[in-house]
Amino acid sequence: MTSVAGRAVLLASLLGCLRGCTGELATELPYQCTPSGHRVLGNPYRSVSYSAAAMSGKLCDRTLDRGWYRFQIFGKYAEMPTECVQVSQCGTDAPMWLDMGGRNYPSPGESAKHVACAAWSLGTQLSLQDCCLYSFPITVTNCVDFFVYNLLPARGCNMAYCATEGRKRCAPGQISPDGFAPCRESFPAILGLPTITPIILEDVLLKCTYQGLNSGQTSLKGYTVSWYKADSMDSFQRVMSEDTFANFAFINPRNYFHMGDKIICSVQAFFNETRELKSPAVESEPFEASIKVSPTSLEILEDGQPHFLIFESTMPIMCANKDAPCSIRVALTIINNEFQFGSDVVLSECFIDFRSRVCLEPRCRRASVLVTAVTDFTHDGTRTSLIVTGAITSTDIFWDGFDPADVQVTVQDVRTAQCYAFTEPHFITFDRKKYDFYKTGTYVLVKSRIREFEVHNRIWNCGGLIDQVSCSCGFVAREDNDVISVDMCNGNVFETTAEVKIRSPLPLSDGVKVKEARNGTKITIEFPSGGFVRADIANWGMSITVQAPSVDFNQTLGLCGMFDGNPDNDFHDAQGEPMNIIMKNKQANEFVEQWRLRDGGMFNSGLTTVPFRLQFPSCSCSLSMLGVPNSLFPSEDLDCIDGISCMARCTGNEGVSRMEIVKSLDMTSMYNNVVTFPWEQRVKRADYEEFPETATTDMHQDAKKEHKMTKRFTDFLDLGNGPQFGDYGPESPFFFTDDGNFGSPLVDTYFFYPDHAPTDLQPVMTEWPTATGITEQQALDICERTIRNSSLGLACGMDALKTDMFIQDAIEVCLGDIQMTDNIFWSDHAIPLLENQCEAAVVRDRTLWKVNVLELQMDMVPPENIVRALNCPKNCSGNGVCSKLGCVCTAGYSSHDCSQSDADVPELLRLENNGVCDWRSQSCRRVRVTAREFQEGRAMECHLTRLESSSAETAIFQSQASYINKRSALCHLPSLSEGATADKSLTRWKIKMSYVGSQMSSGLVFTVYDSHCQQCDWTSSCVLKEDACLIDSMCYQQGQVNPEDQCLQCIPEQSVDKWSPNTENLPPVPEDSPLLTFFVDDTVKYQILATDPEGSAIMYTVAAQDNTSDVIISPDGTLTWPAARQGDHSFAVILTDECGASALSILQVRVVLCGCRNGGQCVLPTASNSDTDATNQAELPRYICSCPPEYSGTLCEVSTHGCMSNPCIHGHCVEENAVFSCQCDEGYMGSTCLTPMDPCAAEPCYHGVVCLPGYNQSYTCGQCPSGYTGDGVHCEAIPETHCQWGCPRRMICDPSRGCVCKEGYAGYRCHQAVCNPSCRNNGYCVRPNECVCLMGYSGPTCETAQCEPECQNGGRCVLPNVCTCKYGYFGPRCQILTCTVNCANGGYCITPNTCKCPQGYTGPTCEIAVCKPACRNGATCVRPDNCVCLRGFQGSQCQTAICNPSCRNGGTCVRPNMCACPTGYTGANCAIANCEPRCLNGGRCFKPNKCSCPSGYRGRKCHKAICVSGCRNGGECIKPNVCMCKTGYRGSNCQTPICRRPCMYGGRCIGADLCQCRPGHTGTYCQETTSHSRYG
């Protein structure tokens, strides 16, 4: 162990070194350390590594002056060696070194005395070397950076001082006795910065952790740890300090600190042996005992996306009672100065709760809430809210009063918008792009690209005067796993009602709501995201409104557009790429077709579930929520921990805030199940307490016990006996079913024909005026009155909303509806569009709202006049009072606008097609009547009165009405034959309706007219057309022929009520007759053929002439005449039709004598010679020539004796063996020399001169060639007079000009060849008209480019190896075919515009399926041999009609819903038996001519009443058990006779005025007494 004195010396040296290392010495260095206080020995030979063996001149310091010296080797610091140096080193024989005697060099600035030794060898062996043969004193001074030596001269020569390389100085933080190596640490180094962490032992402590750097020192390392906290000026004040030998130190924060303090620990290191030497203090990063909030501020979008706000306590929580739980709770409040806009931010919890945990990880001290911008559908710009944290209240003074930092949240507004598909439908996209669509089918209305949100809608034909009128009839909406449909497409228009179905198998998620308003005519499906789909329902279908929340901004596809603020790209394809479409007549059919769903979409497909998306609660965390639970939201109480007041858990859903101005009923509880939060048990809505207990709810009793449900959204159903609210009174036909199976999740599919109809992109063309004469101005006036002047139009116009846009939208829809339907009663169907747009505008613009002064609250309310107009239509029709919930109707009135009287009289509104019907183009046997509301289940009657134009008595007819829905019914019209005066041109009926046994309604006029002669407009005003006739109450068009007499026709210019002669009747048209040639004495027989344009019969007569006396003509036009005279004869035949129109046919006949020559005889043909008919035979000859032996031929014109007949006309006859031949004269040819020859055939003219033939074998020659002279037959060359020396190459001699260029040459001396046309494409003309082409070109003039290989498929080579391709091909050689048509169904292109179709398909693009045999009855072939039948037909070829209900009693279905009934049955389905005469007294005809009589009647026609006791005495039973007695009888069955005078003397009345007298009395009334008596 080191002695105390040694330790003191070491410490002194260390302190000296420490001062030297830091450059802070107590005194200045001695003079010898200055540059002028010493000299330098810098000879490099003094190095111990340099041997003197080879040196001739060795170093010798004998002459060295005594003084201070410094050693250097090559200019670098050196020292004297402190160990023995080998002899002959250092450039000398006896090197001198420094003997320290076991001591150290002096400390910096100090000097020490030592001994210098000279080494010398005593022999030749090194082992005999003496390291210190000579010695003498030497003084050494430490000059910090080097040493200086006080040297004496050497004692002899070849003796010199040695030098060795100097040692390195100690680095900062290191020490040694002299400041040079070897060095060691002066104090331990601390690795990195200390860290403060909280730990849990018996209490929560702060631990300062640090690490000393390992060193080679054996001394124990120690640390001085000091604790500081910051004051209000952020200056740190020390609170405690301690020494420790551990790598950590603890402090109890409760004794020194509070929450919110900033704390640091400072550490100094030392070696235990040198405690006075401590390292510089190293401070930790400030540790803040706090609850940190991350991030400290938020900038979020109003897109429904949650953002984490993390609260992390740097201090663990430890309970005073370690066996009981405790927590620290921080309340959160949202402050927003713009109260008129409502809350803009919601939190998933209104407090954070830090619970005690035995855990040191940061996650154990961390809590978080979700911050979400409220989707408020309000355009409120960028708003700032402040999340204020409440101060902590705790019995622990360390926590009590701490207030974490507040958080500022900036919310940037994101657009929301609505899309409309109204009435026919007219579309307005999210970005207000307007277009129309009049086709049918299933389509994607809107689809989100970032989430599961999609709406499909169906469009059907909804009637009108033209079949292109189409309307939406249903939609299916989906968000996540919730799928709901509102559908009325399964059936016929005007015959179905809308039905709400839950199509998803899972319970409905929390936040999904089904709401109803306006007595079920306005149904809204709301989703948790804030989006909703609304159906405004009418009897023809529905109008659809889609609300897109801000989360879908710039993320939608479908018919509603892209929703990015740019309407120009709303027409896009399925990939979202814009389509360049020009609308035709406001229609964008090509765009809509992109979104057609041929498979029916969600209407036909089941749900594919997606991963469940957690729906976190969200609350506005206003001040009212921080005390007791807010009664508006269900709350779940937490355990009260550590004496802190309990606070309500957030279980609401305030992340979506949309003010509902149109009040509606929440009908969600009528449907399926709901989903609560994921951490809660799922409960069926059927388990709510308000539903009666049934066996089906027994399984949920436990759930009821754990989750107490109270009435919340269904209390309004119990209205008691209070006032009847028109909007809520009647039961809804949309939400209740007879079997109570609400919201079945099964997918109910049905066949929807438009999904299978062929694609039709042709726009529907409309024009003003309409078919019934409605002009555009008239329609505009109606729409202005209906919409702008309504209570809603006045409230939602320019004055209130500062824009007229919404009214203009509704008027445009109204105009389009009237134009398409030709029905003014469609004008009010655009009002729901104004309602929805007005409501959205008020919700969007909160600047229109006002402070609720009446209720003394600080909340904002929408304008009262708009709320009134939206909830109390037509000011409650004057029959009620407007309240917050709608109209409160006065007694006797109901419906949402109090327009329906409770009196049993239907209020008729309109008739189908404006009350006019053309029986030429429509069936007018029934008319659809629209009323305010019909009461379902009550029998109704139609009362029809025929309005007569004359004074004749009117007839009244009554028929049973057919109920369609609550707004529509059918009335059947009687046939015209039942009328008093059947007028088929114009019939007017006044139609009234009533419930059976009640009063009739007011009447509407229905006009049935014939469009052939009547012109009726939409006001039912009819006039006779100028181009028509009204004859015998029947209509005929101009020029129409009398069906009974075609010679009469309708000519309005002559008479409008009588037939006129048919002036358009055309005469018969005869066929051309040839010239007939006959011989004398022949009989001419020829049939004249003719046709009548009208098909009338033709009469033939011969005009009287001189030669027609013996002409006979038959009724069929056959003329017979004996040809007795030679010459030309003509016969005029008159052709007359039934109406007297006539035409003339001329028959020409030539009669000639017999033509036999050379003595031939004319012989009449016999049956053996000719078997042809003489009629219409004009061939010659009609006779056969019998020739002499020396002649032959047809006319005996050929001689059989050679040249005897002189046959050669222009020649010489040569005969040989009775056969002749002709030698023709010059200029003739042929067998008989009859044909003249061509004079130019022998080329008589000079070579090259033209020969022109002349008359009579003559000819004429043209001019001689150039350079020649003569008459053309003979030409001689002109002598050369200018070319006596000849002409050069490429030149010829011109007699008049000398040498000239040959043809094809030009230029000086004719050196340039001429090509005509010239060479193209830089070709060279090398000889006349001969081009040499550049590479890549060919052709006579190099005009043709060459392509190798050649251009294919008709491509043209335009440049070398460059092809221009025909339409439909591309590629370097046009070898690639591109299809300009889309071949479907497996077809492929064989030419650009031609598809090769597979078997079973045809058409330009193979889109047409082929069915063999063909589909019938208008069916469509959709696949090979697969027909899709029109409604009403079935069978493989749709050959079988369908009658629904089916035909009964042997009836045959001949057309859809039309049965051909057997004899004895009638009715739509032959269900009604006929009894003739009809059954009487209430009897029912159950079989043909068989009556089922009611009780009390009998007989074949129930005409005989039954009296059980019978009628006596000739009485007749006239009613059941009622007898009509003959005169003289009375009683129930005529059993009592009546005697007008009483029978006397005990007589009894036994018949009419017939008394049975007692013996002794007689007379009519027994008034007489007989003379005899019993006693004589």
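Here the Cβ of each residue, glycine as well, is placed from N, Cα and C on the backbone.
Whatever TrEMBL says is automated annotation, not expert-curated.
Between CYS1347 and the candidates CYS1342, CYS1357, TrEMBL records the disulphide pairing with CYS1357. Here TrEMBL annotates a disulfide bond for CYS1549; of CYS1539, CYS1557, the partner residue is CYS1539. Between CYS1411 and the candidates CYS1406, CYS1421, TrEMBL records the disulphide pairing with CYS1421. According to TrEMBL, CYS1502 forms a disulfide bond with CYS1493, chosen from CYS1493, CYS1507.
For the domain 'EGF-like' (1535-1567), the predicted model reports an average pLDDT of 86.
Taking the Cα of CYS1438 (disulfide bond) as the reference point, the closest of the disulfide-bonded residues CYS1196, CYS1421, CYS1485, CYS1549, CYS1557 is CYS1421.
Here the Cα atom of CYS1196 (disulfide bond) is found 72 Å from that of CYS1357 (disulfide bond).
Listed by sequence, the residues of this chain that lie at least six past the ends of the domain 'EGF-like' (1236-1276) yet keep a Cβ under 8 A from its Cβ atoms are 1226-1229, 1294-1295.
Residue counts of the domain 'EGF-like' (1236-1276) by helix, strand and coil are 0 helix, 12 strand, 29 coil (DSSP-based). Separating the Cα atoms of CYS1347 (disulfide bond) and CYS1374 (disulfide bond) is a whole-number distance of 11 Å.
You'll find the Cα of CYS1485 (disulfide bond) roughly 97 Å from the Cα of CYS1187 (disulfide bond). CYS1224 (disulfide bond) sits 67 Å from CYS1374 (disulfide bond), taking the CA atoms of both as reference points. The shortest Cα-Cα distance from CYS1365 (disulfide bond) to any of the disulfide-bonded residues (CYS1233, CYS1475, CYS1493, CYS1502, CYS1557) is found for CYS1233.
Counting residues per DSSP class in helix, strand and coil order gives 0 helix, 11 strand, 22 coil for the domain 'EGF-like' (1343-1375).
Per DSSP, the secondary structure of the domain 'EGF-like' (1407-1439) breaks down as 0 helix, 11 strand, 22 coil. The two recorded residues CYS1475 (disulfide bond) and CYS1502 (disulfide bond) have their Cα atoms spaced 11 Å from each other. Other C-beta atoms found within 10 angstroms of the C-beta of CYS1421 (disulfide bond) number 22, with every protein chain shown included.
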